[in-house]
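One structure below.
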Amino acid sequence: METRDSDFNVLLATDSYKVTHYKQYPPNTSKVYSYFECREKKTDPTKTRKVKYDKTVFYGLQYILHKYLKGKVITPERIQEAREVYREHFQDDVFNEKGWNYILEKYDGHLPIEIKAVPEGSVIPRGNVLFTVESTDPECYWLTNWVETILVQSWYPITVATNSREQKKILAKHLMETSGTLEGLEYKLHDFGYRGVSSQETAGIGASAHLVNFKGTDTVAGIGVVKKYYGTKDPVPGFSVPAAEHSTITAWGKDHEKDAFEHIVKQFPSVPVSIVSDSYDIYNACEKIWGEDLRELVEKRSADAPLLVRPDSGNPLHTVLKVLEILGKKFPPVENSKGYKVLPPYIRVIQGDGVDINTLQEIVEGMKEHKWSIENISFGSGGALLQKLTRDLLNCSFKCSYVVTNGLGVNVFKDPVADPNKRSKKGRLSLHLTPGRLCDPRGGEG
């Protein structure tokens, strides 16, 4: 399970100022206890927001623990490296070399900390404790908040999973209202985000977080993260289909777009195939090429291997509605039990341009208004799914709530007068399930 890079050094994986904090706690401190939450932000009731994010999906801590903190993470070489780096960085000998050597000698380089967390995949109301961290050796009181930096990076998979879940809720609502079933929901939002993220590791973490909610992904890195760090009941945690990109269309030349479409469709007769159709004119492609020139070829496909027509430009809502209108004239839809139009099962639409949680909601609402069932469409989302997110979206925060000094336990907290939203919890914390809901954390019981 442990597959950290050999050159990773946990002694260098912290904010610079934390290197000096062992000197700043009260004398005779023997324990520091901290917690992580997604703060419940009080907002102006007169202001409305389409998505409130009132609950979070807890996911990603296990990856961090196994990849970076579990096992023998302290070695003489890493202590030496950190001592040299921090001597140059601070222009002073502030590094706690004695403390790290103590961990190396007494614990063979394993970190003396205890972490308690809610089960991964849990959906927890904002404002509740998600995990706690405490030092287990009085000599290592300072270690609790040393690891804050790397542990708080769990904000990213938590936020991706939460944002993905909110989109699933939108899709589920409108799919049920326009079809009476949730069939195919897990494939309605496909991860297109690989190229839009900042690193290979980001791709793996973010894509795996999306797979908590959906099964469709083109970000292959996420599959490895799920298999390696989480395991899965299914042999494959994420799926994809053959799909064209602009290069495989434009390489044929503008005058041979039909030939490109025909060639690609014939290559994949027994599985769904997605064809980007707006390299030149999406509306002509739908009306003339798909609707006339290749109509018989399209009609020969099955519900298990439909053609997925993919627009890739323009206003997402307007484009989707116009594409559906054109395809509906060429491939007459039927009316389902809810009174909404459904294209023949051998043809569908996938919208993968400009899709975020807001445009997705606008599109499904617009489709419903125009009497189109959500059965007709799936979505792809890239940067908005994996990259256009920050720690502030869910107010992810790590704070000290309890210390032991001179043998006495003390509940501590912050309460800045300028921002009541930043008031932190105090004491040892635990999360309790009461009938029907998770209640607020209780101090003194963690």
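Each residue, glycine too, has its Cβ placed from N, Cα and C.
Listed in TrEMBL for this protein:
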- 9-115: domain 'Nicotinamide phosphoribosyltransferase N-terminal' (DOMAIN)
- 187-429: domain 'Nicotinate/nicotinamide phosphoribosyltransferase' (DOMAIN)
- Arg195, His246, Arg310: diphosphate binding site (BINDING)
- Asp218, Arg310, Pro311, Asp312, Gly352, Asp353, Gly383, Arg391: beta-nicotinamide D-ribonucleotide binding site (BINDING)
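Positions of TrEMBL features highlighted on the structure.
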residue	record	Cβ contacts under 8 Å, 6 or more apart
Arg195	diphosphate binding site	Gly382
Asp218	beta-nicotinamide D-ribonucleotide binding site	His190, Asp191, Phe192, Tyr194, Ser240, Ala243, Gly380
His246	diphosphate binding site	Val276, Ser279, Asp312
Arg310	diphosphate binding site	Ala243, Ala244, Ser274, Ile275, Val276, Ser277, Asp278, Val349, Ile350, Gln351, Gly352, Gly380
Pro311	beta-nicotinamide D-ribonucleotide binding site	Ser277, Asp278, Ile282, Thr319, Val320, Val323, Val349, Gln351, Asp353
Gly383	beta-nicotinamide D-ribonucleotide binding site	Gly193, Gly196, Val197
Arg391	beta-nicotinamide D-ribonucleotide binding site	Val152, Trp155, Tyr156, Thr159
Problem set entry | For diphosphate: widest Cα to Cα gap among Arg195, His246, Arg310 in Å | 19
Problem set entry | Average pLDDT across the domain 'Nicotinamide phosphoribosyltransferase N-terminal' (9-115), rounded to a whole number | 94
Seminar exercise, completed: Per DSSP (three-state), Arg310 (diphosphate binding site) is strand
Problem set entry | Helix, strand or coil at Gly352 (beta-nicotinamide D-ribonucleotide binding site) [DSSP, three-state] | coil
